[in-house]
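Engineer: Following this message is one structure expressed as structure tokens.
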Amino acid sequence: MVKAGLCLCLVITAFAVSSSTSKAAEKIGIYELERGDFSVKITNYGATVLSVLLPDRNGKVDDVVLGFGSIDEYKNDTTYFGAIVGRVANRIGGAKFTLNGKLYNLPANDHGNTLHGGTTGFSDVVWTVESHVKNSHLTLTYHSHDGEQGFPGDVSVMVTYMLIGTNKLGIKMQAKALTKPTPINLASHTYWNLGGHTSGDILSHTIHLRASRITPVDDKLIPTGEISSVNGTAYDFLEPRAIGSKFTGLPDGYDINYVLDRTGDGKHFTKVAIVHEEKSGRRMELWTNQPGVQFYTSNMLPDTVGKGGFVYKKHAAFCLETQGFPDSVNHPNFPSQILFPGMEYRNVMVYRFTVR
């Protein structure tokens, strides 16, 4: 159940998108959402979050997401800074899957596997701007054609970024299969540092993850098919603790799918996580209707020159990507990601920002 004060009723409405091909010459732009000293900038290139500005406990406003200084830099990005990733987020083992007896081969862009939709996923296309109201929302759409990156069927996709109440950001990702069954698993790949994007690493942030199980992975980060308890492991965040407090039990940091407790049915929302950064006082709550969340501590982030020329290093941010389980197309025991014509996919995230 959702607290009444969260006001999420508007984020579960249905949508209708034309099945016609997206505009060939869609222009790339930057669009702002703003209420008071809370503002978000988004580009329709990759439906990407460029910045989120928030005050700290003293009223000082900082940008709390990592990113680049120009759109051209996003076109060559391998970190997926702020993007919507798909058609299938996360990894597909062996870059292939079988659906209705047919084998589908996909681009192998990650050590023989498919990552975030392939070599040209939803993070690398120009989305169509359907609606923009600065103090309210931005709605973007994309038409993915049959065979794109090896996936079957035409799919209409829509993403809406919306301001809700005071210092709440909603992201509603929706899709419809138009012609064939196809896997769909979208995710927002925003890199967060609540101390500000130039403040260094996030190892001292405290996090409370409401998930008592994970889907373990092999050395290429492909799920084994098991679902195991976090009890007694470095993955246990059932009580709040610093992100870096148990790094000695991990080779690089966190990059794992958590199975959420009290998951919804696509209509109801669960509080996923609470993250707090003591120096600034900023606190983030995340809610979703999805069964899983990928917790990633930017382990593979190289020294990357970002906004203002600042160099982002390993562990400069964390990602919390609400989604279906990775490689579900190859694990029948995982919740299915197959979307059939006439069905609608909906992934909703709501961030609530406060200070204390």
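Cβ atoms here come from the backbone N, Cα and C positions, even for glycine.
What TrEMBL records for this protein is below:
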| type | residues | note |
| --- | --- | --- |
| SIGNAL | 1-24 | signal peptide |
| BINDING | N90, R91, H189, T190, Y191, D255 | beta-D-galactose binding site |
| ACT_SITE | H189 | active site, proton donor |
| ACT_SITE | E321 | active site, proton acceptor |
Engineer: Let me spell it out: for each of the recorded positions (D255, E321), count the other Cβ atoms within 10 Å of that residue's Cβ, using every protein chain shown. Which one has the most?
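Structural biologist: Of the recorded positions D255, E321, the highest Cβ count within 10 Å belongs to E321.
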Engineer: Just checking a number: largest C-alpha distance across N90, R91, H189, T190, Y191, D255 for the beta-D-galactose site, rounded to a whole Å.
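Structural biologist: Looking at N90, R91, H189, T190, Y191, D255 as a set, their Cα atoms extend up to 18 Å apart.
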Engineer: Could you state the CA-to-CA distance between N90 (beta-D-galactose binding site) and the residue listed as 'active site, proton acceptor' to the nearest Å?
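Structural biologist: Cα to Cα, N90 (beta-D-galactose binding site) and the residue listed as 'active site, proton acceptor' are separated by 9 Å.
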Engineer: Between D255 (beta-D-galactose binding site) and E321 (active site, proton acceptor), what is the CA-CA distance rounded to a whole number of Å?
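Structural biologist: So the Cα of E321 (active site, proton acceptor) lies 11 Å away from that of D255 (beta-D-galactose binding site).
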Engineer: Could you give the Cα-Cα distance between E321 (active site, proton acceptor) and H189 (beta-D-galactose binding site), in whole Å?
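Structural biologist: For E321 (active site, proton acceptor) versus H189 (beta-D-galactose binding site), the Cα atoms are 6 Å apart.
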Engineer: Cβ distance under 8 Å to R91 (beta-D-galactose binding site), same chain, sequence separation 6 or more: which residues?
Structural biologist: D110, N113, T114, L115, K220, L221, I222, P326, D327
Engineer: I want to check the contact list for H189 (beta-D-galactose binding site): same chain, sequence separation of six or more, C-beta distance under 8 angstroms. What comes out?
Structural biologist: Y80, F81, G82, A83, I84, V85, A89, H116, S123, C319, E321
